[in-house]
Amino acid sequence: MSGRPAKLALANGSVFSGISFGAEGEIHGEVVFNTSMTGYQEILTDPSYNGQIVTMTYPLIGNYGVNEDDVESKGLSLRGFIVKELCDEPSNYRSTESLDSYLKRNNVIGLQGIDTRALVRQIRIHGAMPGILSTSDLDDASLVQKAKDGPSLVGIDLACEVMPKEAADWSSPLVSLGRPVQFGAAAGADTGLHIVAIDYGMKWNIPRYLRDTGCRVTVVPGKSTAEEILALNPDGVFLSNGPGDPEPLDYAVETIQSLLGKTPIFGICLGLQLLGLACGGKTYKLRFGHRGANQPVLNKATGKVEVTSQNHGFALDADSLPADVEVTHINLNDDTVEGIRHRQHPAFGVQYHPEAAAGPHDSHYLFREFVELMRGVTA
Ligand SMILES: NC(=O)CC[C@H](N)C(=O)O
């Protein structure tokens, strides 16, 4: 292992000593863990990790390098990246760079050589908490104090840092990356429908899927108003994923409230949480969240279990939801809300990621259901 000595300190006083990779320096963030075995490049480029230091539970990371295609946004929004062991001899025909040099180039601090199992146990028992990752200060007491003094992400709008400033058309489908077509013969067939996707820090595989359903897609900034969106004549509005606490995003809640009943709505992750808030529900912070590609979800309508990809630390409170909102999906690990549907208006959402990237493909049907919902309303 090359690299410099580096430490992670948690706000509860725990300190982990290891070796740095990637960039050097010091960074504060909420320390969380992800249970995916692969897909680290998609995780690194998922804007929903803005403000967080991500620990991978799988013990060897970096073995297939990085490439130019497996990116979910234009940059890396997470604060730091922790692994048990970094593979320094990546081997894959698609690899163009090592994970070490990718993190260096993108100015993200990496830490390896710590007992990630012990760290994950701390987070599971005490909850996701603020931490500090440093290659410059190696004094335990000073680091713990800095971890405690740093901001919590509760109550902060982290989405405004990663949302686009301008609207743009989205043209590339999944096949443009050589990824398998998911909608059979119907893939890419023009439906004539227009989706406006509100981007709060959207993963790019979502608009790729929306294009694959045969719809035209316009991506608009998360601060767009209902008037601006309706002026684009959408057949449906999509609410994207995004980082942080949903409750401070009052501008988004207001927009969704004004759209509800005027156009079909589909939300993913933060999008589901904002839809729930717009319907009068409440959100709360989970102890350690759901992050990984192996979360079991029950679809209550079909009785089928989907294995899903997830990344969230907040959840909708089922008891807070009004009677006209139905819980359609639940998480089988902890019974939390994984999907909702409005009984009066054409609006639904899921807490998990049907676009995968990375993860299982069990839930693609939801994109088709959105098209059917739009067709039903438009016909
Ligand atoms: N991936 C997401 O959209 C995450 C939603 C929200 N930021 C949460 O942590 O719960």
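Here the Cβ of each residue, glycine as well, is placed from N, Cα and C on the backbone.
Automatic, uncurated: that is what TrEMBL annotation is.
The region 'CPSase' feature in TrEMBL is assigned to 1-193.
According to TrEMBL, the feature domain 'Carbamoyl-phosphate synthase small subunit N-terminal' maps to 4-134.
What TrEMBL lists as L-glutamine binding site is SER48, GLY242, GLY244, LEU270, GLN273, ASN311, GLY313, PHE314. Every protein chain considered, the tally of other Cβ atoms within 10 Å of the Cβ of GLY242 (L-glutamine binding site) stands at 31.
With a 10 A radius on its CB, CYS269 (active site, nucleophile) counts 29 other CB atoms from all the protein chains. Here TrEMBL flags CYS269 as active site, nucleophile.
Secondary structure at HIS353 (active site), as computed by DSSP, is coil. Under the heading active site, TrEMBL lists HIS353 (among others).
The active site annotation in TrEMBL covers GLU355 (among others).
GLY242 (L-glutamine binding site) falls within neither a helix nor a strand when secondary structure is assigned with DSSP, and so counts as coil. Its own atom aside, the Cβ of PHE314 (L-glutamine binding site) has 20 Cβ atoms within 10 angstroms in the protein chains shown. Maximum intra-site Cα distance, L-glutamine binding residues SER48, GLY242, GLY244, LEU270, GLN273, ASN311, GLY313, PHE314: 13 Å. A simple Cβ count within 10 Å picks out one of the binding-site residues GLY244, GLY313 as the most packed, and that one is GLY244. Selection of the recorded positions GLY242, GLY244, HIS353, GLU355 by a Cβ distance under 6 Å from ligand 1 yields, in sequence order, GLY242, GLY244. Here the C-alpha separation of GLY313 (L-glutamine binding site) and HIS353 (active site) works out to 14 Å. For the pair formed by HIS353 (active site) and GLY242 (L-glutamine binding site), distance between Cα atoms is given as 12 Å, rounded to the nearest Å.
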